[in-house]
Amino acid sequence: MLENLVSGLAFALSMDALIYCAIGVTLGTFIGMLPGIGPMAAIAMLVPLTYYVDPAVGIIMLAGIYYGAAYGGSTASILLNLPGTANTAITCLDGYPMTQQGRAGIALFMTTIASFFGSICGLVILVGFAPSLSTAVLAFGSPEYFSLVLLGLLASALAATDYPLRAVAMIVLGLLLGSVGADQNTGITRFTFDSPYLYDGFTLVAFAVGLFGIPEIISNVRTPPSRIGAKSIRLSAMLPTREDWRRSWLPMIRGTSIGAVLGALPGTGGTLATILSYSTEKRVSRRPEEFGNGAIEGVTGPESANNAAIQTAFIPTLTLGIPGDAVMALIVATLMIHGIQPGPLLVSQHPTVFWGLAASFLVGNVLLLILNIPLIGLWIRILSIPYKYLFPAIIVFVCIGAFSINTSPFDIYMVSFFGALGYGLRLLRCPPAPLLMGLILGPMLEVHLRRALQIANGDPLVFVERPISAAFLMVCVALIAAAIVRRRKPGRTFGEAKA
Amino acid sequence: MKPTVSRNPPDESGGEGRGANFARMENAILGLFLGLVGAGAIAEGLSLPVGSAMRMGPGYFPILIGGVLVVLGLAIALLPSRHVAAAWERADLARGAVDVLAVILAVTSFGFLVERLGLVTSIVAAVFISTAPIPAMSLRERFVLAICLAAGSYLIFVYALGVSMPGFTFNW
C-alpha cells in the first residue's frame with residue numbers, strides 16, 4: 001500500500017496534475033466564497049475541460065473544486081453571514097458573531113486549520129478503507145446493487161429535506177429522464193422524438209449546468225448576493241490565542257469522527273454531519289449559552305466534520321460506484337465518460353486514478369492552507385468584483401462549455417431548456433440534487449433490476465431473499481417511515497383545516 | 001445547492017388562509033406536471049415492446065417509473081400541505097419573468113448565433129441580453145464587458161484549449 005501511495009504522490013506532484021489541482025482548489029475557493037454559484041454548477045461547467053487532459057488529472061481538478069469550495073464557503077459564512085455552500089451554513093451561526101466581535105481573522109484561521117485537520121483524517125480513512133472495501137463488495141450481484149442504488153437515492157434525497165415527497169418525486173423524474181435515449185439492451189430509442197441528438201440521452205453537462213447554474217443566475221440578476229466590503233485582514237490579527245486552541249482541539253476530533261462516518265455512508269454527506277457536530281458541541285459544552293454568540297467550538301467542530309465527510313464520501317463513490325450526493329454523482333459520471341467504471345475494480349484496474357486522486361487531496365489541502373491563510377487578503381479584494389460583471393461572464397462560460405462537448409449548439413439549447421425547468425421546479429420548492437442523482441443512477445438501476453429479475457426468473461422476491469439486499473431494502477423502508485413520521489409531527493399548520 | 005429563491009418571505013401577517021391557498025396552488029401545479037410527465041412515459045412505454053418481468057423490454061422500466069410518478073404527482077396535489085407559501089405578488093412575478101427571459105434568451109441566442117455569426121458576436125449578444133434587466137448599467141459598461149469577455153474567451157477556449165469555434169463568421 002505504501003508503494004502505491006508513493007507512486008500516487010509522484011503522479012499528484014507531476015506538472016500536469018499539480019497545475020490542474022491548483023486550478024481546481026483556487027477556483028473552488030473562489031466559487032465557494034461567492035454566494036451565488038455553488039460548487040455543483042462550477043464542476044458541471046468544467047467537465048468539458050477534462051476532455052482535453054488525462055482523466056485522472058481531470059478528476060483531480062473537479063475534486064479540487066469540491067473541497068476547495070468547502071474552504072471558501074466557510075469564508076463567506078464567517079465574513080458575510082451568507083453560506084457560500086449548503087455545507088457551511090452552520091458556520092454562520094458562530095462564525096459571523098466572531099466577525100462582529102472583531103475576531104474574523106481568528107475565525108478564518110481556526111476554520112482553515114479545522115478543515116485541514118478534518119480533510120487529512122478523512123483522507124487517511126479513505127486510503128485505509130477503500131481498497132479493502134473494494135474486495136468485500138466484489139461479491140455483490142445485481143440484486144445487491146439494485147437495492148444499494150435505491151438506498152443511495154433515497155438516503156441522499158431524504159437526509160436533510162423539508163419536502164420529502166417532493167424529493168422522492170424528483171428522484172423518480174430523474175430516473176425517467178435518465179431512460180431517454182437508446183435502450184441499453186436492444187438499442188431501441190425511447191423518448192427521443194426521432195431526434196438523433198437524444199440517441200445517447202441528455203448531455204449530462206448541459207443538464208447539470210441548466211439545473212444548478214442557470215436558476216442561481218436568474219435569482220441573482222437583480223438582487224446580487226451581498227459581498228465582502230473593503231475589509232482587510234492582516235496576518236497578525238489571524239493568530240488565535242492559546243485559549244482558542246485549547247477550546248478547539250476536542251471539537252475538531254469529535255467533528256472529524258462524525259463527519260468521517262456520515263460521509264462514508266451512501267447518501268448522507270456533509271450537511272447532516274455539520275448539523276450533528278454543532279448540536280453535539282452545544283450539548284457537551286460547559287458554556288452552551290455562548291453558542292450563537294461566537295463560540296469557537298461552533299466553528300471548528302462543524303468545519304472539520306464537513307471536510308472529513310467530503311473526503312470519506314469518495315469511499316462509496318469510488319469503490320461502489322454509488323455517489324453520496326449530486327457532486328459525487330457528477331464525478332462518477334465524468335469518470336464513466338472517460339471510460340473508467342467506478343466500482344470494486346477501480347482500485348486495482350486504475351491505480352493511477354485512485355492513488356493519484358488520494359494523493360492529490362493531500363497536495364490540494366496543503367495548497368488550500370496557503371490560499372486561505374497568507375493569501376486571504378487577496379481573495380477579499382477579488383471578491384469585490386460586482387455581480388453585474390460576473391454573471392454575464394458565467395453565462396458566456398456556460399454556453400462555451402456546453403457547446404464544446406459535442407461542438408453543437410443543441411447542447412446550448414438544452415441548457416436553456418433545463419435552466420427554465422430548473423427555475424420552475426425551484427419556485428415550486430423542488431430540490432434539484434435528487435433529480436440529477438436519479439438521472440445519473442437511472443441506467444444503473446434499470447440494468448440491475450433487469451439482470452436480477454432475469455436470473456430469478458421474474459420473481460421479485462429475489463431482492464428480499466438475498467440477505468445483504470434485504471438489509472439495504474430494510475434501511476430504505478426505515479428511511480421512508482422516518483420521513484412519514486416527521487411529516488405527521490407538529491409543524492402541520494393548516495393540514496387539518498383542509499381535511 | 002442553496003435554498004435561496006428571490007421571493008418575499010412567507011406572508012405570515014396576511015393570515016394563514018392566503019398562504020395556504022398559494023401552497024395548494026403550487027402543489028396542484030407540481031402534481032399536475034408530474035402526473036402528465038408520468039402519463040406520457042406510460043404512453044411511450046406502451047408503444048415499445050414491454051416484455052415481462054423475466055425478460056424486460058425497453059418499455060418496461062418507463063411504464064414502471066411513469067406509474068410511480070403519477071402516484072407521486074397525485075399525492076403531492078392531494079395530500080394536505082404543511083407549509084405556508086409566499087404570496088405571489090404581481091410585481092414580483094413580472095420582475096421574475098423578465099429576469100428568467102433575459103437569462104434564458106441570452107443562452108439561447110448564443111446557441112443560435114455561435115455557428116452563424118461566430119463567437120464574438122454571440123458573446124456581445126449574450127452580454128447585452130442578459131444585462132438588460134439592470135438599468136443601472138451604462139451602454140459603455142456593457143460594451144467594455146462584452147469585448148473583454150470575447151477577447152478572454154477567444155484566448156482561453158479557442159487559442160489555448162482548441163475548441164473549434166470561429167471568432168467571426170457569416171453562415172446564415
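Keep in mind that glycine also has a Cβ here, set from the backbone N, Cα and C atoms.
Just so you know, TrEMBL annotations never went through curation; they're auto-generated.
Model, not experiment: these values are computed from the prediction.
Marked as domain 'DUF112' by TrEMBL: A:18-436. For A:31-53, A:65-84, A:104-129, A:136-159, A:165-185, A:197-218, A:320-341, A:353-380, A:387-406, A:468-485, the entry in TrEMBL reads transmembrane segment.
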For the transmembrane segment (A:320-341), the candidate among A:136-159, A:353-380, A:387-406 having the most Cβ pairs under 8 Å is A:136-159
Across A:65-84, A:197-218, A:353-380, A:387-406, A:468-485, the most C-beta pairs under 8 Å with the transmembrane segment (A:136-159) come from A:468-485
Highest Cβ pair tally under 8 Å against the transmembrane segment (A:31-53), stretches A:65-84, A:197-218, A:353-380, A:387-406, A:468-485, lands on A:65-84
For the domain 'DUF112' (A:18-436), the averaged pLDDT of the predicted model is 85
Per the Cβ filter (under 8 Å) with a sequence gap of at least 6 from its ends, the transmembrane segment (A:353-380) is approached by 4-5, 7-9, 11-13, 17-18, 21-22, 24-26, 29-30, 33, 55-56, 59-60, 63-64, 67-68, 71-72, 75, 79, 108-109, 112, 115-116, 119-120, 123, 126-127, 130, 228, 231-235, 238, 311, 314, 318, 335, 340, 346-347
